Every structure is written in C-alpha cells, then in structure tokens.
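Engineer: If you scroll down you'll find the structure; I have some questions about it.
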Amino acid sequence: MGIHQLMQFLKEKAPNCFRTLMLDYFAGRTIGCDASMAMYQFLIQTQSAGQTQIIELTDKDGNRTGHLVGLFNRTLQFLENGIKPVWVFDGKPPLLKSGELARRKKLKEEAQVKTELALEQGDMQQALLQHQRTTTISSVMKEDAIKMLKLMGCPVIIAPCEAEAQCAELCRAGKIYATATEDMDALTFRTPVLLRGFNTKKEPIYEIIYDDMMKELEITYEQFVDLCILCGCDYTEKIEGIGPGTAYKLIKEFKSIEGILEHVQKVNAEREKNKQNPKYTVPTKFLYQDSRELFITPLVQKGEEIQLTWNKPDVENLKKFLVEEKGFAESRIDNGLKRIAKKDTTGFQSRLENFFGKTTKIIHPNNSKAKGKANKKNEQTQKSGGKKKI
C-alpha cells in the first residue's frame, strides 16, 4: 500500500517537488529499482481474459513467467536508453507488517472466490479483475528473477528487509541517482529522488525531489514521518477521521502524533459531553512509535559497504535458462541483446561494453555486514503455447 493518498496530497501541497520527464532524460544514470513491486506489475500486465478462461504466460511445467518477461523487457529498455538498473528485492518483512500482510492474504482469498464465481457466470472481465487481485510472488519466482538478472549482467541486491528502504539508503550514499518504485513510502525512508510511472512507454515519468518536497511542506523529517503514519502506512492502523489534509494541518499545529493524540482526546471528550459521536477513532493498537522507529532507522545494509558492478551478459546460459527452461523464443532474446549492442553512444554511454565490468555482486540479507538500522501489454517473448489457462 505504501502511504495512503500521499501522491495526491503532494500534488496539492508541494507541487514544485514534481517534474515530468521522458525516459531518455535518465541516460547515464544509475537507478535502484524495486524488483518486488515490478514483478507484481508485470504478472498482472501479462494476464488476459479468454472466452472462458484467464490466460497467463507460463513455462512448460505451468510455472508463471510473466514477471520474467517484464523484467527482461524493462532491463533491455533501461540499457537501451543508457540507464544502469540495480534491481533490489525485498528481504524478510518486518514484524510490524504482519497485520497488513494478513489483511492482504484475506483479500486475495476473497478475490479467488469472486474469480471462480465470475468464471461460472461467464463474466470474463470481472474474472480477470478479481484474478489479478490474487497475484502473489513465490520464492521460486523470485529465485528465477534473480537468476535471469544475474545472467543479464545487472547488479542484484537482496535487502535485509524492505527494498524501498535499501534503495533510499543507496541513494543517500550516492550509489544510485534515484529509487524507482510506485511505493510512496520510499520518501518516508528518505530517498533523495523518487521515480514513478515506468509502466508506460509514452507517458512521462514522475520525478519527486525530497528536498523540494520538504521545503514546500515546511515541516521536519520526523514530522513528515508522523504525517505518513497518520495518512496510513503498512505498519499500523490509522486514526479514523484523519485524512492527509487534516493530518498535515494537525502536524503543523501540534507538531507530533503525541500532541495530536492529546488534541483528539480533548475533542472526543467534548463531543461525548455533548452526547455526540466521537470525531476521531484511535485504533486499539496504534503502533505509531514502532512504525516511526522503523521508518527512521530501517534495517538496511549501509550504502558505503555495497559495491555496484556490472558484467557482460552471459548470453549462452541466459538463452539456456530462458529458452530451454522457461519457453522464451530464442529470436526475442537475440534481437533484444542486439538492440543494446548496436545502440549509438552519441551523447551518452549506452553500448553494452561501456556498462559492464568484471563481476556482479549479490548482497544477501544474512551478510555479516548487514546492519540494522507493460505500459502496453509486454510483448510476448515466449513461444506459442507458453500460456496457462485458469
């Protein structure tokens, strides 16, 4: 979920922190990409409704491959435009997120029931919509994605915890230019630059500058974290009756959630005295202090400890994996890699050989140095028959 309605709030209250840019603007830049978020998007984008069934891209064993198609094409798109992607995967979710994960699991189960009902009724568009809501990423899918990206020569990082937090750390350390994710909580983790909107080829990309945002909001970082918690985040329930606009007004007046809670208590007491319903409802378990701590001191590997290096694609093993094991069309792999190799270098370094060094490093969450604190439908790259009907 990220931060509820934060994008719209910032458009209204801090419009000057936004820029809309086309992809080629980022030529020569290194960008940290939220791999888990991208995989969800690609899996959904490669699903379609048949006459009586939902169709998905799969390998010969029925394993979903839409995420691989998307990651392959997106990586080629980046490289072809002179962008150096660093793919960052989620590690173990924080305990505070367990409630949100349980909520999502329940919603997926409900969506599965609705999918089956819609299929029985022949409502294929509704069936597709509900099926998309059941999308999950298995450990095997994650391992396949990491294997493919390594073979393509890209740096891959497995974060100790949240991918957005690790990207923000890399960005603050100067290792990458920006964090690319749809999750707005990358700003809560203090990424200096956030990029959103890579899902379409023709539409511009939103660039959000953290310092410009804070200058317009005229609040401290700690107050911004409290604002995000009040808007609604993944780590705790929110106070009912307080939306982004009200949260901002209250933060400006009372400075912190503690001050706001005192205000809420007074307002509700006054309304109770007048035999009125409470204006605000504070959840029984309002874990704002723990949430605040998680945002301010997340579990990440220090940026200065991470060395980002690129390698030339291992074409032989990449084709063996994608063509023989995952059912991709060999011609698609060849044509994609040729596009990059032939890219003109005028104005920016975009040839494959200018990008890739000697090694690609994988940073694991159990590393002893890890310390706490598309778009149009993706072009089908698989052979005919690589689809799964539901």
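Heads up, the Cβ atoms here are built off N, Cα and C, so glycines get one too.
Sharing the record's features from Swiss-Prot:
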BINDING   Asp34, Asp90, Glu162, Glu164  Mg(2+) 1 binding site
BINDING   Arg74, Glu162, Gly232, Asp234  DNA binding site
BINDING   Asp183, Asp185, Asp234  Mg(2+) 2 binding site
REGION    1-108  region 'N-domain'
REGION    126-254  region 'I-domain'
REGION    348-356  region 'Interaction with PCNA'
REGION    359-390  region 'Disordered'
Engineer: Note the mean pLDDT of the region 'N-domain' (1-108), expressed as a whole number.
Structural biologist: 91
Engineer: Other than Asp34, Asp90, Glu162, Glu164, which residues of the chain come within 8 Å of the Mg(2+) 1 site, judged by Cβ distance to the Cβ centroid of those residues?
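Structural biologist: Along the chain, the qualifying residues are Ser36, Met37, Val88, Ala159, Ala163, Ala165, Gln166, Cys167, Thr181, Asp183, Ala186.
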Engineer: Among the binding-site residues Arg74, Asp183, Asp185, Gly232, Asp234, whose Cα is within 10 A of the Cα of Asp34 (Mg(2+) 1 binding site)?
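Structural biologist: If one measures from the Cα of Asp34 (Mg(2+) 1 binding site), the binding-site residues that come within 10 Å are Asp183.
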Engineer: Residues with Cβ closer than 8 Å to the Cβ of Asp185 (Mg(2+) 2 binding site), same chain and 6+ apart in sequence?
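Structural biologist: Spatial neighbours, sequence-distant, of Asp185 (Mg(2+) 2 binding site): Gly2, Ile3, Glu164, Cys228, Cys233, Asp234, Phe295.
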Engineer: Between all pairs in Arg74, Glu162, Gly232, Asp234 (listed as DNA binders), what's the biggest Cα distance, rounded to the nearest Å?
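Structural biologist: Roughly 30 Å, rounded to the nearest whole number.
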Engineer: Determine, to the nearest whole angstrom, how far the Cα atom of Asp183 (Mg(2+) 2 binding site) is from the Cα atom of Glu162 (Mg(2+) 1 binding site).
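Structural biologist: So the alpha carbons of Asp183 (Mg(2+) 2 binding site) and Glu162 (Mg(2+) 1 binding site) sit roughly 11 Å from each other.
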